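Comments concern the structure below.
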Amino acid sequence: ENISDFSLNVTDCTQVVVPEEVFFTVAAAGILENLLILIAVVRNKNLHLPMYFFICSLAISDMLGSLYKTLENIFIILCKMGYLTRHGDFEKKLDDAMDSMFILSLLGSIFSLLAIAADRYITIFYALRYHNIMTLRRALVILAIIWTFCAGSSIAIALFSYEAATVIPFTILFPLMMFFILCLYVHMFLLARSHAKMIASLPTSTVHQRTNMKGAITLTIFLGVFLCCWAPFVLHILLARFCPHNPYCACYMSIFHVNGTLIMCNAIINPMIFAFRSPELRSTFKKMFYCSR
């Protein structure tokens, strides 16, 4: 709020406000779509695979992001109506809880994408040993470790968010993990052809390799959408912490609501990618909607 007021005094950029109805509509759509993904995976035993469990982890992260924005807007509305104050003890704890949920959503998305990337990497380069390397039990252990770490980190970051020592590692983690995933991509696509030639003599190898590359392409789309939707908000956090009084920084921060809307759009786009790229999911959705066996 202080940064927004200051930006009006030092720059000609006015605050861009997104209507609350848009926030609630986009958030509700994101929650419902990702909930459908979770239900589809639970109901279809053919989808009880490590890859789809990692996709469910990403769906939960997206749901948390949409839920966070919904609760935040309800909180703002209650403040405007006078039911809550902006600086009370209860409101401060509620704000910390919502911030923790937001950070959990971001960290969960990053590490879920990393897990999906690692899974695709193993599928492509260790295709014959994939089921021995990435067992269902091992995937569940990985997810348990990811969410335990993300939950602990989100609480710590929310409690000490005003310390530079907390903000800097949090913002550095985002490009660092994206760079690591990008390295996996480069390695996958550079060596995919040579790997395909090595297993070309095996039956169904062409179909198998084509399926694996399709999964890698799907993951590339996930990563591109994630960067477009989350990077503007992460940049906002950096600017708000390190140059809040700069006119150019204040001008960028005037589109805070737009950046928040982009985060919720990510929760809507990801399920669409799942449904479009996965025939098994499309088939499950049809059975769910038409109530057929």
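Even glycines carry a Cβ here, placed using N, Cα and C.
Nobody curates TrEMBL annotations by hand; they come from automatic prediction.
Non-local neighbours of the transmembrane segment (22-42) in the same chain are 48, 52-53, 55-56, 59-60, 62-63, 65-67, 69-70, 73, 260-261, 264-268, 270-272, 274, 281, 284-285, 288; each lies 6+ residues outside the stretch with a CB under 8 Å from one of its CB atoms. Positions annotated as transmembrane segment by TrEMBL: 22-42 (among others).
Per TrEMBL, domain 'G-protein coupled receptors family 1 profile' is recorded for 33-274.
Long-range contacts of the transmembrane segment (49-68) within the same chain, counting only residues at least 6 positions beyond its ends with a Cβ under 8 Å from a Cβ of the stretch, are 26-28, 30-31, 34-35, 37-38, 41, 98, 101-102, 104-106, 108-109, 112-113, 115-116, 119-120, 123, 134-136, 138-140, 143, 146-147, 215, 222, 263-264, 266-267, 270-271, 274. Marked as transmembrane segment by TrEMBL: 49-68 (among others).
TrEMBL lists 102-128 (among others) with the feature transmembrane segment.
Taken from TrEMBL, the feature transmembrane segment covers 140-162 (among others). For the transmembrane segment (140-162), the list of distant contacts is 53-54, 57, 96-97, 99-101, 103-104, 107-108, 111-112, 115, 170: same-chain residues at least six beyond its ends, Cβ to Cβ under 8 Å.
Among the features that TrEMBL reports, transmembrane segment is placed at 168-192 (among others).
Sequence annotations record features per position, and here TrEMBL assigns transmembrane segment to 213-235 (among others).
Proximity of distant same-chain residues to the transmembrane segment (255-276), defined by a Cβ-Cβ separation under 8 Å and at least 6 residues beyond the stretch ends, is recorded for 4, 15-18, 22-23, 26-27, 29-31, 33-34, 36-37, 55, 58-59, 62-63, 65-66, 69, 109, 218, 221-222, 225-226, 228-230, 232-233, 236, 282, 285. Per TrEMBL, the feature transmembrane segment maps to 255-276 (among others).
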